[in-house]
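A.B. asks: Take a look at this one; I'll ask things after.
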Amino acid sequence: MQRKDVFVSEEELKRQKEFVQQVRGLYAEKGKTPKALVETYGCQQNENDSERIKGMLSEMGFAFTDSREDADFILFNTCAVREGAEMRVLGNVGALKHLKARRPDLIVGICGCMMQQEHMVKKLKSKYKHVSVIFGTHSLYQFPEILYKAVCKNERVISLIDSEGRIAEDIPVYRENTASAWVSIMYGCNNFCSYCIVPYVRGRERSREPEKILEEIKSLAQNGVKEITLLGQNVNSYGKDLDRNVDFADLLLLADKVSGIRRIRFMTSHPKDMTDKLIETLPKVKKLCDQIHLPFQAGSDRILEKMNRRYTKEGYIHLVERIRTAMPNAVFTTDIIVGFPGESKEDFNETIDVLKRVRFDSVFSFIYSKREGTPAAKMPNQVPEDLKHKHFDELLDVQNKISREINETYDGKTVEIMVEGLSKTNETMMCGRTSGGKIVNFPKDDALSAGDFVHVKITKISTWSLTGERV
Ligand code: 5AD
Ligand code: SF4
């Protein structure tokens with residue numbers, strides 16, 4: 001595909017803007033401010049997509065609510081990475097049947113990764129008749145047209161684009177968080193890890209033009225945002241599809257120059273694409289946070305090969321050492337899958353060995369979930385559920401001990417944090433994060449707001465967070 005064809009055309013985007021106005025008009029005629037509830041599942045990419053959907057809804061005149069009873073439009077932005085997330089969505093959508101029966105005007109919609117799977121759309125069409133809006137990730141930019149048809153004609157609208165996915169620029173973004181923002185730098189994934197559905201539902205890798213990304217970051221900075229997280233399924237391959245001479249290391253240096261931004265994070269990185277150039281660049285990016293999220297997925301070379309990860313256990317550990325040399329204070333986090341087909345006790349022990357040798361600050365561990373359409377789903381020796389759970393619990397025990405030990409080293413130290421807001425669990429406390437991404441709680445101060453930087457002396461630690469007093 002030629003680069004220019006990767007973009008949704010300006011005419012198409014203009015056409016969608018007209019639908020935005022038409023939906024606005026429809027509700028204005030009814031003399032009411034419609035309310036929307038967007039429920040998001042899955043990764044930050046999905047969160048960012050929801051922010052774009054809410055941006056469009058806001059332009060269409062919608063206000064937002066957390067209450068299903070209050071909402072005129074309820075949309076589920078779904079995740080297909082694991083079966084558990086899919087089941088939760090289906091349960092929640094199913095539970096709306098009664099509400100829809102009571103309030104026929106209510107529009108229920110489902111979008112996102114689950115809707116890029118044919119079998120799932122089929123299921124929704126036949127069994128979830130109260131759902132009237134269905135669209136996949138590739139159709140996101142058509143949302144105004146889809147909603148217009150659903151509201152105006154009160155008919156079921158299904159939009160599924162069977163292509164590799166394109167880039168739609170300049171869609172408005174509605175961000176609730178005033179201090180931190182996600183910035184998607186690329187979409188899709190080319191890696192085809194054998195367990196993963198993402199390349200099938202999100203399409204091939206496509207990078208945004210660097211100018212567009214920088215424009216967005218500058219505008220965020222002007223609006224008071226202090227921290228950005230550059231997002232992509234594999235940010236390390238940013239720029240490979242551009243006919244320009246710019247890669248992820250270059251992009252980091254460009255983002256570093258935007259005044260007003262004080263912290264830069266990125267996720268996710270694939271170990272196989274961490275180039276020497278990128279490692280050498282990391283310490284030169286002045287605003288880069290001391291945090292590296294580097295999924296290793298499994299410790300056994302045999303399993304890594306079956307996963308199609310294209311690195312070895314020792315290669316991964318060596319990579320961590322090289323990054324640590326470049327960034328001595330880096331906090332490492334990772335993703336791990338337990339119970340990939342054929343994973344034996346010996347294989348699993350290799351995963352535990354990586355945990356003990358690298359000593360991650362925290363890990364995101366997942367029980368392997370069979371995904372229809374991926375190569376791993378057809379592999380022999382699927383691991384029984386009880387064994388997967390047993391290994392999963394064992395892994396958590398090992399990691400919780402390490403996380404706690406690492407957190408104990410913070411006792412008595414003073415850290416700089418960016419304030420995020422009130423603590424969610426204790427109304428007398430506020431919380432923020434260190435450069436390494438650790439959550440720090442401290443006594444509430446009404447003079448502080450999100451995006452302020454303060455120093456806190458740590459006085460209490462737990463496995464998941466730190467607590468202290470301002471100094
Ligand atoms: N089963 C379990 N975990 C998975 N992940 C991706 N696909 C699967 C699957 N089929 C995990 C990986 C990835 C994270 C986002 O989700 O660890 O890094
Ligand atoms: Fe999935 Fe692998 Fe791509 Fe990550 S890199 S999204 S795990 S295929």
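We count from 1, first residue shown onward.
Any Cβ shown, glycine's included, is placed from N, Cα and C.
TrEMBL does not curate its annotations; it predicts them automatically.
Taken from TrEMBL, the feature [4Fe-4S] cluster 1 binding site covers Cys43, Cys79, Cys113. Per TrEMBL, the feature [4Fe-4S] cluster 2 binding site maps to Cys189, Cys193, Cys196. The domain 'MTTase N-terminal' annotation in TrEMBL covers 34-152. According to TrEMBL, the feature domain 'Radical SAM core' maps to 175-405. What TrEMBL records for 408-471 is domain 'TRAM'.
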A.B. asks: Rounded to an integer, what is the Cα-Cα distance in Å between Cys113 ([4Fe-4S] cluster 1 binding site) and Cys189 ([4Fe-4S] cluster 2 binding site)?
C.D. replies: 13
A.B. asks: Would you mind listing, in sequence order, the residues at least six apart from Cys79 ([4Fe-4S] cluster 1 binding site) in the same chain with a Cβ closer than 8 Å to its Cβ?
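C.D. replies: Correct list: Tyr41, Gly42, Cys43, Asn46, Ala85, Glu86, Val89, Gly112, Cys113, Met114.
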A.B. asks: Which binding-site residues from the list Cys79, Cys113, Cys189, Cys193, Cys196 come close to ligand 2, meaning a Cβ under 6 Å from one of its atoms?
C.D. replies: Cys189, Cys193, Cys196
A.B. asks: Other Cβ atoms within 10 Å is the metric here; tell me which of the binding-site residues Cys43, Cys193 scores highest.
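C.D. replies: Its Cβ has the most other Cβ atoms within 10 Å: Cys193.
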A.B. asks: Scan Cys113, Cys189, Cys193 for binding-site residues whose C-beta lands under 6 Å from an atom of ligand 1 and note them, or write none.
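C.D. replies: Qualifying residues: none.
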A.B. asks: Taking the centroid of the Cβ atoms of Cys43, Cys79, Cys113 ([4Fe-4S] cluster 1 site), which other same-chain residues have Cβ within 8 Å of it?
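C.D. replies: Sorted by sequence, the hits are Tyr41, Gly42, Gln45, Asn46, Thr78, Ala80, Val81, Ala85, Gly112, Val198, Val201.
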A.B. asks: Under the DSSP assignment, what numbers of helix, strand and coil residues are found in the domain 'MTTase N-terminal' (34-152)?
C.D. replies: 64 helix, 23 strand, 32 coil
A.B. asks: Cys189 ([4Fe-4S] cluster 2 binding site) has how many other Cβ neighbours within 10 Å of its own Cβ?
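C.D. replies: Cβ-Cβ neighbours of Cys189 ([4Fe-4S] cluster 2 binding site) within 10 Å number 22.
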A.B. asks: Long-range same-chain neighbours of Cys196 ([4Fe-4S] cluster 2 binding site), Cβ under 8 Å, sequence gap at least 6?
C.D. replies: Val81, Cys189, Arg371, Thr374
A.B. asks: Around the [4Fe-4S] cluster 2 site recorded as Cys189, Cys193, Cys196, what other same-chain residues have a C-beta within 8 angstroms of the site's C-beta center?
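C.D. replies: Those within range, site residues removed, are Asn191, Phe192, Tyr195, Ile197, Val198, Pro199, Gln233.
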